[in-house]
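These features come from TrEMBL:
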| type | residues | note |
| --- | --- | --- |
| TRANSMEM | 17-36 | transmembrane segment |
| DOMAIN | 72-530 | domain 'Major facilitator superfamily (MFS) profile' |
| TRANSMEM | 179-198 | transmembrane segment |
| TRANSMEM | 204-225 | transmembrane segment |
| TRANSMEM | 237-259 | transmembrane segment |
| TRANSMEM | 265-283 | transmembrane segment |
| TRANSMEM | 361-377 | transmembrane segment |
| TRANSMEM | 389-406 | transmembrane segment |
| TRANSMEM | 418-436 | transmembrane segment |
| TRANSMEM | 442-465 | transmembrane segment |
| TRANSMEM | 477-497 | transmembrane segment |
| TRANSMEM | 503-525 | transmembrane segment |
Amino acid sequence: KGFSSVNFFLSLHRFQAFVYFASVFQAMSCGIHYLASVFMAVTPNFVCGIPGNVSSVLFYNSSESSLEDIWTLWTSTENYVVVQLENGEIWELNQCSRSKREMSLDLAYEYKGNKSTFSCTDGFLYDNTKWKSTVVTEWDLVCDREWLAKLIQPTFMLGVLIGAVIFGDVADRLGRQRVMWFTSAGQFIFGIAVAFTFDYYSFVIVRFLLAMVSSGYLVVAFVYVTEFVGIKARTWASMHVHAFFAVGIMIVALVGFLVRTWWTYQIFLSIATLPFVLCCWMLPETPFWLLSEERYEDAEKVINIMARWNKVSTPCKVSELCSVQQDDLVDGGMGDNDTSSTKKHNILDLFCNWHIARRTITVWLIWFTGSLGYYVFSLSSVSLGGNEYLNLFLIGAVELPCYIIACIGMDKLGRRNTLIPFLILSALICVLIMVIPQDFSILIILANMAGKFSIGVAFGLIYLYTAELYPTIVRSLAVGSGSMMCRVGSVVAPFCVYLRSVWIFMPLLLVGIMAFLSGMLTIMLPETLGKPLTNTLVEATEIGRNEKSCSEKTPPTHSDAAIEKIEMFGQDTVSNEK
């Protein structure tokens, strides 16, 4: 009866809707900070600085009075500019060096005589027609310091990986509400602090801390909304946390279009977190976490607040919650003499036999491929030609319908039958982009959006599918290890994008190969739609060995039967209240 009271209030009503939308609103800021570097760390056209005042500038056959006038004619990094100084000296300016013509009196673009080459000791001259200032122009992260610019996004993603591990564990120990408040406040504080960093190294360190709290919030927010939302709405609710992340990407494109100075741009992006920081302290702790900590009176207060919001008169008493906890302890002690329930499990249990090991390798590969493809398509969007701001906006917008399709596909076709075609479709789209002529920029952008859509469906689906593929005793371990592979993919993705300098299609080739391989291996995974969750590794192995027997109606487990009764009670009570 106690659990019936709890789960009755945990269906998606007025209170749950308020908590849900307040929580996922902050997920937008995670999307903002994850992709902020696409404009903040952009490298504009540049040439070596000059040791004097310029009197005239020559670029091929075009003669100008200042360097600012030649940027619209700049087409390649191999171009150079010829300038004549007021003292009569003539210099050739390349991107990473400059040459002084020894015996030249006439200003001509081609020169066959002797030249003295010098390094760029006077700094660099940047094209500021699009961006007045970026972190690259601020600290001259070009030429021999270019590798520092290329480390900005990978170090951020490394912070994402570490933050997910740390704050996921802290949330289990200290509670979800405290961690959400701390990480959301951290996003605002570190986000503003980034704009006031005084050098490259302080910038990277503060961005690393920002990545940790952003990742921590996103991980805990998934758990928080899952524990507040009713079972029937749980798939849709958890899936659409991703949608608010996508809205954050769209905000990056909009702010990037309006604000062209990197530190001002960063401040405007960080302000988006302020509304939640001011009100997140009002959000309650989840009753499930309070019950797990045996804080029954606090759990009763939260549930009664939910009851008042939802206009439900059914009381919830501490005695009921205590009796539920006692029943769980008794049931746990009579667990069919299964010693595995008391055994401490580790990562090796995900490789306990060939069937489970093969499943684990496939699932990890899907996690890695989903994250790799997601960020490769996103980060590459600004280099596709056309309007880079519109490209990024569309890349974010295309995610919104993809999660709806994912939810419908999971419920109608099944998890595996939805995952396989979208993974293979991602691979085919990568091949399609490679064969489209580079002059057809609109087709390339549309194909890139289609690739992001298809990989987004697979990426969103794998969260739930992983939880259903593994038994209760290692389910959290399986999802956590998969999430770790996801973070590894996000760290690798920026380096993959940088391979465009080797071959323009190299990132697409790698994503395509990984997506096709993942799709083929997914065929060997069992379907989990409509099947009860397994409790032991033996049960989990059997659903892979004999799908036919598993597809037959099987008696629900103890926990599944309890959930069904809880939902039935909740529905009956709600109908009576109406």
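In case you wondered, yes, glycine gets a Cβ from its N, Cα and C as well.
Because TrEMBL annotations are produced automatically, they should be read as predictions rather than curated entries.
Counted over residue pairs 6 or more apart, the CB atoms of the transmembrane segment (237-259) and the transmembrane segment (179-198) come under 8 Å in fewer than three pairs, which marks the two as apart. With a cut-off of 8 Å between Cβ atoms, the residues of this chain six or more beyond the transmembrane segment (418-436) that come close are 366, 369, 373, 406, 409-410, 443-444, 447-448, 450-451, 454-455, 457-458, 461-462, 465, 505, 508-509, 511-513, 515-516, 518-520, 522-523. In this chain, the transmembrane segment (204-225) lies in contact with the transmembrane segment (17-36); the count of Cβ pairs under 8 Å, excluding pairs fewer than 6 apart in sequence, is at least 3. Long-range contacts of the transmembrane segment (265-283) within the same chain, counting only residues at least 6 positions beyond its ends with a Cβ under 8 Å from a Cβ of the stretch, are 19, 22-23, 25-26, 28-29, 32-33, 36, 39-40, 177, 180-181, 184-185, 187-188, 191-192, 194-195, 248, 251-252, 255-256, 259. Here the transmembrane segment (179-198) has long-range neighbours at 23, 26, 29-30, 33, 167, 170-171, 206-207, 209-210, 212-214, 216-217, 220-221, 224, 262-264, 266-267, 269-270, 273-274, 276-277, 280-281, 283, meaning same-chain residues at least 6 beyond its ends whose C-beta is under 8 angstroms from one of its own.
Of the candidate ranges 204-225, 389-406, 477-497, 503-525, 477-497 has the most C-beta pairs within less than 8 angstroms of the transmembrane segment (361-377). Per-residue pLDDT, averaged across the domain 'Major facilitator superfamily (MFS) profile' (72-530), gives 83.
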